[in-house]
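Q: According to TrEMBL, the protein carries these features:
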ACT_SITE  His61  active site, tele-phosphohistidine intermediate
ACT_SITE  Glu145  active site, proton donor/acceptor
BINDING   Arg60, His61, Ala62, Glu63, Ser64, Glu65, Gly66, Asn67, Arg117  substrate binding site
REGION    325-353  region 'Disordered'
Amino acid sequence: MRTSGAKKPVLIRRLKKGSVVASARSEASAEADSFYDVTPEYCGVPIKTTGRPKRIVLIRHAESEGNVDETMYQRKPDHRIELTERGKEQARQAGLALKELLDPDEQVYVYVSPYMRTMQTLYELGQTLGPERVSGVREEPRMREQDFGNFQDHTMQELKKERHGFGRFFFRFPNGESASDVYDRVTSFRETLRNDMNFGRYTENCTVLIITHGLTLRVFLMRWYKWTCDMFDKLRNPGNAELVVMERGERGRYSMLSESQGEEFLQKMGFTEDMIEDQRWARTASMSDLNSSWATSKGTIFFESFPDRLEASRRAVKRADETYFSRSETTRRQAMKEAKTKKAYDEDLRPHG
């Protein structure tokens, strides 16, 4: 029984900075010159926030059996595909590269896809980085590989060609996932990551390492930087075991441009000039700043660019139609050839005399 005058519990979470009270959903409400110096409360209980990690590093798994032989997916479940010997060496080299990037006393907190090739990448990377540098490891199923459905090599190659005409983001493999499906679970993971930041899981002098898969990595970046679907379709995978670094800028935002990672790397991944310019802006922008020239922020840019996007979409549809009819004709001829072969085979088995 509640006694008279008892204080009711606070059922909302608040961020306080001096006299400023801000919504926990908006980082932009924190003062620009002290983006992590806040004291949140959850259900009335103060929680210490120790800052945003110094950097977020994403790594696509090292070379796997499936990378060198796609028929492996017909013989092994996708999540059990392992690294090649070359892949293990790539992972060890990635550990050395990460070690060189870190400060001497800097710790690493890891999120890893539960697939065997990503966990093997972490294991081999740890041999050269040093297990003592890893403060924690969490298996994260939401950062797993895109589900390609029932993988059959002779049809998968045709489907991948069709995907280029259809559009990489929305194309869904039969009984599998599209990139837009992956986007939904990556969004959920991003919110977990932000909550971990808010609740003090990291220190300011630590690196968060995410070991994942090519498409999932690109979708994570798309979600973090609010890229459009058209921008995503232009992106290319980083190499196996290649580090993709998001470094905390001087006022709190994460940028993919730093002393260790230049514009040439972003160009190789397929960044447009607008996307690179946004990364330049993020290096010095505060949490409360808004890039008014960015396509997803400035309303007039949509109306200026939409006619060109519509025309590009129509050209893509035309190419997809041509690809479809070409593929249909090829499939029809292949079916006729197989039918003739089967007929000849059946006739050969038929009793004679």
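If you go along the chain as it appears here, the first residue is 1 and each next one adds 1.
Just so it is clear, glycine is given a Cβ too, placed from its N, Cα and C backbone atoms.
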Q: Between Arg117 (substrate binding site) and the residue listed as 'active site, tele-phosphohistidine intermediate', what C-alpha distance do you get in Å?
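A: So the alpha carbons of Arg117 (substrate binding site) and the residue listed as 'active site, tele-phosphohistidine intermediate' sit roughly 6 Å from each other.
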Q: Determine the most Cβ-crowded residue among the recorded positions Arg60, His61, using a 10 Å radius around each Cβ and all protein chains in the structure.
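A: Its Cβ has the most other Cβ atoms within 10 Å: His61.
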Q: Please report the distance from the Cα of the residue listed as 'active site, proton donor/acceptor' to the Cα of His61 (active site, tele-phosphohistidine intermediate), rounded to the nearest angstrom.
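A: Taking the Cα atoms only, the residue listed as 'active site, proton donor/acceptor' lies 10 Å from His61 (active site, tele-phosphohistidine intermediate).
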Q: If the substrate site is taken as the center of the Cβ atoms of Arg60, His61, Ala62, Glu63, Ser64, Glu65, Gly66, Asn67, Arg117, which further residues of that chain fall within 8 Å of it by their Cβ?
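A: Close Cβ neighbours, site residues excluded: Ile81, Leu83, Thr84, Gly87, Thr121, Asn240.
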Q: Sequence gap of 6 or more, Cβ distance under 8 Å: name the residues on the same chain that satisfy this around Gly66 (substrate binding site), in order along the sequence.
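A: Within the chain, Gly66 (substrate binding site) has Cβ neighbours under 8 Å at Met72, Tyr73, Asp78, Ile81, Arg117.
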Q: Let me make sure I understand the span of the substrate site: among Arg60, His61, Ala62, Glu63, Ser64, Glu65, Gly66, Asn67, Arg117, what is the greatest distance between any two Cα atoms, in Å?
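A: With Arg60, His61, Ala62, Glu63, Ser64, Glu65, Gly66, Asn67, Arg117 as the binding residues for substrate, the largest Cα distance is 14 Å.
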Q: Under 8 Å Cβ-Cβ from Ala62 (substrate binding site), six or more apart in the same chain: what's there?
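A: For Ala62 (substrate binding site), the qualifying residues are Leu83, Gly87, Lys88, Gln90, Ala91, Ala94, Arg117, Gln120, Thr121, Glu124, Asn240, Ala241.
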